[in-house]
Amino acid sequence: MRSIGAVNYCARRVPSNLLTWGREPDVCNGDAPHRSREMMKFSWDNYKRYAWGKNELRPLTRNGHIGNMFGGLRGASIIDSLDTLYIMGLTEEYNDAKEWVQTSLDLNSNGEASLFEVNIRYVGGLLAAYYLTGEEMYKNKVLELGEKLLPAFNTPTGIPRGVINLGSGTSWSWGWASAGSSILAEFGTLHLEFVHLSELSGNPVYTEKVMNIRKLLNKIEKPHGLYPNFLSPVSGNWVQHHVSIGGLGDSFYEYLIKSYLMSDKTDGEAKKMYYGAMEAIEANLVQKSPGGLTYMAEWRGGILDHKMGHLACFSGGMIGIGADDGAPEKRQHFLDLAAEITHTCHESYTRSATKLGPEAFRFDGGGEATATRLSDRYYILRPEVIESYMYMWRLTHDPKYREWGWEAVEALEQHCRVESGFSGIRDVYTMTASHDNMQQSFFLSETLKYLYLLFSDDDLLPLEDWVFNTEAHPLPVIRRSCAQDEATQDKTSSE
C-alpha cells in the first residue's frame with residue numbers, strides 16, 4: 001500500500017506504517033478522528049447518491065448544484081475531496097473519485113469561470129492528488145487546465161482579470177468589482193499552484209506570471225504600508241482604499257508566508273513582503289476591544305470599521321506559522337497574537353446559541369464578537385476557525401485547541417447535519433435551524449480535513465514538508481538541494 005508522500009520533493013520521509021491508507025491516528029480524544037472521518041463518508045456518500053458529477057450537493061432537495069463559478073467545469077466536490085478521501089483512508093470512495101476524474105472530467109468548457117476558484121479548487125486539488133499518489137493522470141489533467149488559465153494574464157499590467165472563458169480564453173473583470181478592478185485576494189492567491197505548475201511542466205511561464213504580480217505590488221505605493229483590495233489591471237493603480245484581512249484581501253497574505261515556506265525558506269522577497277505587511281497590519285488594523293478581545297478591523301480610507309469576517313479567522317493560523325521566521329525577538333509576540341486572534345474567533349462561536357460562528361461579527365455598539373446585522377448571522381460550513389485551531393495545536397499542543405475543535409464537531413452534527421448531508425444555516429443565534437440547502441465543496445476539502453488533522457499526530461502531513469493551499473490542498477515544500485536525486489527516483493514507488 002502506497003504511503004502518503006509518494007511524490008514529495010525530498011521531504012523528510014516518514015515510516016510507512018504510520019502513513020498508510022486507513023491509519024487511525026493516536027489522539028487524546030479517541031472518538032475524534034473516527035467522527036470526522038465518518039462525517040466525511042456521510043457527506044461523500046450523499047453527494048455521490050444525489051449529486052454525482054455536479055459541483056455540490058443540495059441535501060434538503062437531494063439534487064445537485066452546478067453554479068456559475070467554475071465556467072462549465074463539473075465535479076467540484078469530487079476534485080476537492082480527492083486528497084481528503086485519500087488521507088482518511090476511504091479507499092473505495094477515493095477510487096470512485098479517481099475514476100470519475102479519469103473518465104468524466106471535461107476541461108473543454110465555455111462558461112464564465114472564476115480564475116481564483118478554479119485555481120484553488122481544481123488546480124490545487126489535482127496537484128495535491130498527484131503529489132500524494134503519484135498518479136500521472138492527475139499531472140496530465142492539471143497541466144491541461146493550467147494552460148487554459150494563462151490568457152487571463154493578457155492585460156496591460158499582467159495583473160489577471162477575475163473571470164475567464166476556459167474555451168475561448170477571453171477574460172474580464174467582475175461586474176461588481178470597483179471600476180473593472182482585479183481583486184487582491186484573487187490575483188494574490190495563485191503563487192503556490194503556479195510555481196508547482198512550472199515544476200511539473202518544466203515551463204517557467206507560470207512562475208513568471210506570478211512573479212510579475214509581485215513585482216508590480218512591490219513597485220506601487222501602498223497607503224501606510226497596507227495593500228488595498230482593488231487594483232486596476234489596466235493602469236496598475238489602486239482603485240479605492242479598502243483594506244481587509246477577511247474577504248477580498250485574506251489569502252493574499254496567506255500566500256506570502258506560504259510561498260516563503262514552500263520554497264524551503266529561500267524566497268526572501270515573499271518573506272520581506274509578508275513581514276512588511278504584518279507590520280502595517282499591526283500598526284493600523286489590530287485592535288483590542290473593551291472586553292479584552294484582539295481583532296483585526298477593516299480599513300476604509302483611514303477610517304476603521306470594527307468588524308471581522310469569518311474569513312479573516314484563518315489569520316490566527318497564518319500568524320502562527322509565520323512566527324518562527326521573523327525577527328527573533330518578535331517570535332513570542334507573533335505566537336501570542338496568533339493565539340489571541342484564534343481565541344477571539346472561538347468567542348464568535350461560543351457566544352452564539354448554536355456554538356457556530358456568524359459570517360461576520362462586530363466590536364461596536366456594545367456587542368463583542370457577535371453579529372449585529374441580520375445579514376451576517378449565517379454559517380455556510382466555513383473552515384477558517386477550525387483551520388486556525390489545527391495550526392495552533394500543531395504549534396503549541398495546547399489541549400484547548402482540540403477541545404474547541406470537538407465543540408465544533410458537536411455543533412456541526414447537531415445543527416448542520418440533515419438526513420442527506422450537511423447544510424449551512426441561516427442564523428447561528430437561534431436553535432431552530434433554517435438550513436440553506438447547500439453542502440459546500442470546501443466543507444469536504446477544508447473543514448473536515450482540518451478537523452481530521454487537528455486530532456491526528458503531527459507526522460500526518462507534517463508542516464515542515466507540506467504547505468496547504470487556501471482550499472486546504474497539501475503541496476510539497478520544494479527542496480532544491482536534492483531535486484536531482486528526486487528526479488532519478490521512481491516517483492510512484494512505495495516507501
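Placement of Cβ uses the backbone N, Cα and C atoms for every residue, glycine included.
If you check TrEMBL, you get these features:
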- GLU117: active site, proton donor (ACT_SITE)
- ASP250: active site (ACT_SITE)
- GLU359: active site, proton donor (ACT_SITE)
- GLU384: active site (ACT_SITE)
- THR470: Ca(2+) binding site (BINDING)
- CYS313-CYS345: disulfide bond (DISULFID)
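Overlay of TrEMBL feature records on the structure.
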residue: GLU117; record: active site, proton donor; Cβ neighbours (10 Å): 20
residue: ASP250; record: active site; Cβ neighbours (10 Å): 25
residue: CYS313; record: disulfide bond; Cβ neighbours (10 Å): 31
residue: CYS345; record: disulfide bond; Cβ neighbours (10 Å): 28
residue: GLU359; record: active site, proton donor; Cβ neighbours (10 Å): 21
residue: GLU384; record: active site; Cβ neighbours (10 Å): 25
residue: THR470; record: Ca(2+) binding site; Cβ neighbours (10 Å): 25
How big is the gap, in Å, between the Cα of ASP250 (active site) and that of GLU359 (active site, proton donor), rounded to a whole number? 14
Candidates CYS313, CYS345, GLU359, GLU384, THR470 (recorded positions) - the one closest to GLU117 (active site, proton donor) by CA: THR470
CYS345 (disulfide bond) and GLU384 (active site), compared by Cα position, are separated in whole Å by 9
What is the interatomic distance between the Cα atoms of CYS313 (disulfide bond) and GLU384 (active site), given in whole Å? 5
Measuring Cα to Cα, tell me the gap between THR470 (Ca(2+) binding site) and GLU384 (active site) in whole angstrom. 10
Work out how many Å separate GLU359 (active site, proton donor) and GLU384 (active site) at their Cα atoms, rounded off. 11
